[in-house]
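Data first, discussion second: the structure below is written as structure tokens.
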């Protein structure tokens, strides 16, 4: 993304929060915890990061009995925030608000007609379309303010401003298209997708590139939309197999080499594990997924080297147990690690539990007395976060029964698991825009490495978030606060990560580019790009 666009005041955190308001309950701050609200449907109640439903109405707006199927503009609404804003600011009173055919029609009762009573039960209950109405009003207000500012003082004088206007137009296209897809308006959505294909270029600006990924996700979701009256989306095949394994492996390797995200998790995890193993003779690491299946086991090579070089006696036995379904690949990595450990004089035992996390059983993991055990989860646990939370609770219960000295949890720090499609879409758009902006600063425009990273790694995450539902949606990233609540309910206690100084020193030695930051947030370390959180590392004890 062009630096001017990300720094533009109308593209800042506040603007995105205006766009998201009413969908996630985010008002004025992107890190505010989710609040409870009632959707107006007796079968659906959303409370924070939990929701129970007899029929999952949150996946498609048109399923809601309160959501109309026709489209019109809100501009005639006398209570519009834009109308109120224009009354208080004369320079904007001559600005006519844009109409958007993708905006849903609704009616808003006159404020004076609301019955006044001391009881809150007399107030009208918020329906789902009221949340969408609020969200749309804020979006139109932000759009109108931007146009008014441009007309009354900020004239387009150079190519940078032209790029900003073009990219803001892309933002509007994406949001309008997401609304049309959510409301099953195939005709309007197809028209917007055709315009997106012409403007969202794979080798364009950073936002054009991220828009192309979201366009692909919206295209896939639209193809699965059922006719009005049907519930949910059509059953789709699992998306993770659409790209060849060789391309995915190469993209993962490039992400590890170019981006600091995974290396940051390895750095925090290994230092925490070394601290837990200090002075111990028998140590055991349980790795959930072998750190994404990276070839050569980078994280554990670093740990083995550190154990062999640390002052004092090296542990008499080091065990690594890996849980995953890529048995043949993991065995190859395990053989390489054992050979590497022998060269450094470390007694390493590698074992494999061929199972998914959801099907893991307590007896699958063998433990011995007098050994110190730690659990390592590198961007893995979000894949077992489902609507019912049963799968995640089962995994956390098994881990808790192992009584590890520490559990290291590294996860993407963003809210991509909300119950409503539009809320997830906006959060993902903001999150991945920051990642693509960082890639723009690290790699040249026509670098094939960047294209592979974006199209074969991050694009697959985006398409899973945007187009998939039910068990096929595995990219269910959540924020630090949500993980804190989940872990606490499972019986874990937070163990603050006291590595701030060393983490900043590590980041400085990488010499990637300016813009990456590391901050401490309630005991967790968060790697971000220009104040936007990307990856969070936290530690937990039983």
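Numbers here mean position along the shown chain, with the first residue as 1.
Keep in mind that glycine also has a Cβ here, set from the backbone N, Cα and C atoms.
Per TrEMBL, the range carrying the annotation motif 'VHIID' out of 278-282, 283-287, 288-292 is 283-287.
For the region 'Leucine repeat II (LRII)' (332-364), the residues of the chain that approach it from at least six positions outside its boundaries are 288-290, 295-297, 300-301, 304-305, 307-308, 314-325, 380-381, 383-384, 391, 394-395, 398, 401, judged by C-beta separation under 8 angstroms.
Here the motif 'VHIID' (283-287) has long-range neighbours at 273, 277, 300, 303, 315, 317-323, 365, 367-368, 371-376, 378, 399, 402, 404, meaning same-chain residues at least 6 beyond its ends whose C-beta is under 8 angstroms from one of its own.
In the predicted model, the region 'Leucine repeat II (LRII)' (332-364) shows an average pLDDT of 93.
Applying DSSP to the region 'SAW' (467-541) sorts its residues as follows: 25 helix, 26 strand, 24 coil. The region 'Leucine repeat II (LRII)' (332-364): residue composition by secondary structure is 15 helix, 7 strand, 11 coil, according to DSSP.
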